[in-house]
Amino acid sequence: MKLNLAILLILLLAVAQARRVQFLGHHQEDETGKENGEENQGNGEENQGNGEDGQGNGEEGQGDGGEGQGNSGEEDQTNGEEGQGNGGEESGQGGSGDSGSDNGGSCSNGGNEGGQSEPVEQQTCKGVIFDAGSSGTRVFVYSWPCRLFHYANPEIEITQKVPSVKKNPGISHFGNNIAGIQEYLQPLLDFANEHVEEEIRHRTPILLGATAGMRILDWGQQYDVMEEVRRILGQSGYLFQSQEWARIISGKDEGAYLWLSVNYLKGYFASSNLDEQGKLRESYTTIDIGGASTQLADEITEQDQYYLSYDDEYGTDYHTFDTSIYNISLYSHSWLYFGQDQARIQINNFLHNLHKRSASFENPCFLKGYKAKYNDDVEVVGTGNPDDCKDLIDLYLLGFNSTCDQCTIQESYIPKIYPDSRLYAGGSAEFVAKIFNEDDDFNWTEFKYFDEFCSKEFDDTNKDKYYPTQCFLGLYVKELFAAGYRVPPDTLIEIGKIKDIEPSWTLAAMFDQIDDNEPCTDSPNCNLRRHMKQWRKDSFHPSMKEHKRRAPLSNFTP
């Protein structure tokens, strides 16, 4: 499931062609959601469900307020590498059968006695992909007209109907309960079975991408969880061709996949988006705020590339890729521990370190009068002071350089965002906007609602499970935009569905994998003699450099 951006863009550009391709995105967050899930083959559209983790309803991995525990969300590296596929040859013999693709591979069904190939009936192929986020897992079922040729890319025109039901926790919570993963995933597999006919499951790819909830686990737990997931998917009856098809995806890939999905849905790759000089008009910058991490992806200038090439830590976070039409340089970076759940946990830890000998400590980011257990012996008490809370958040985001106008998250370089930039935000940004009844474009100055909200007394009669953490969440998302990403106050931030579809990284990830799939294993139309790819059989091993990265302020000693 490696990120092959060059080929993926060719795939996305195929939408300009005349062939009609379908994408049926059926999605269920862990457990049921079946009743609403009948297949839609028309011009309906996709709704993701969860950005990085749990975003079916816009919320991203909301944890329990004030506790020293919560959901995580996002990234990891992979050592898995795709095997090398060798092209197949025609197996059909006789006469002038239909020619293959540009690379010479043919998928005709063979010649008949008259020397003519029989026409190949167009069939529908499908793929299943799990988004295993920190607060829940959702499954998508995609469909497209089966490829007729060895090297033909699936062409995308999205139609879908997306039932969604959320169930906590995420798969990362099974690090100490490996035996429970089968029962946990079974409702999702049952859901997929409802939308994939039994006779085509053997050639229907099944994939799982885990995000930062898994990334934060220790290496041994990561290994055990992913090995069990691979065992389950390998015995599911679907096409599970590589250990890499169930892995912890990197935050960089997750951000890039979301950028590709959003800009595809926005029509960025369409020929109609070319200006008079034949150049693409401005693309969208994408920001995703998850439970354990946040991602930014943006097309970058030559100046950006220059600075990034001299940055030891972030110099590998941009991709330059070419298609037959476009040349695009894309920056994508993920910040682990800066999702809203992990930020709340780490700030609580920081405050607790200041009062280690006390049975309680105060947190200005919770409503006045709110109390919750930090651990078995210590209680956290809300004081409801939005100004003090913002100071804490800025310290967390920027360290002791919080007064530096040019500094961003962890003093990292990011492409500059301008007042007229196109910006799409997913995950917790959408959830927070809906708290103050904002469903369309907004700018972060509208988050002033939370200054007033956070000054209120805690209402213990409010049974909304997200109510205790809304003050922190609203202020954190605002400061992340304003101080972390340096978004200008008048930049419009777009949220929600695009053409009635909630964007997801899974859209681009699925078709990237299908494009890189062993020739025509997902299609019954390709009758090829082909060499098998030599897929890696060893298990995924996360990057130890990434694994050892510590949470901000974790070394603080009062």
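From the backbone N, Cα and C atoms, a Cβ is placed for every residue, glycine too.
Features as listed in TrEMBL:
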SIGNAL    1-18  signal peptide
COMPBIAS  26-37  compositional bias 'Basic and acidic residues'
REGION    26-120  region 'Disordered'
COMPBIAS  39-50  compositional bias 'Low complexity'
COMPBIAS  51-71  compositional bias 'Gly residues'
COMPBIAS  82-98  compositional bias 'Gly residues'
ACT_SITE  Glu254  active site, proton acceptor
BINDING   Gly291, Ala292, Ser293, Thr294, Gln295  ATP binding site
Where Ala292 (ATP binding site) falls in three-state DSSP terms: coil
Residue with minimal Cβ packing [other Cβ atoms within 10 Å] among the binding-site residues Ser293, Thr294: Ser293
Spatial neighbours of Glu254 (active site, proton acceptor) among the binding-site residues Gly291, Ala292, Ser293, Gln295 [C-alpha, 10 Å]: Gln295
Count of other CB atoms lying within 10 Å of the CB belonging to Glu254 (active site, proton acceptor): 32
Least Cβ-crowded entry, counting other Cβ within 10 Å, from the binding-site residues listed as Gly291, Ala292, Gln295: Gln295
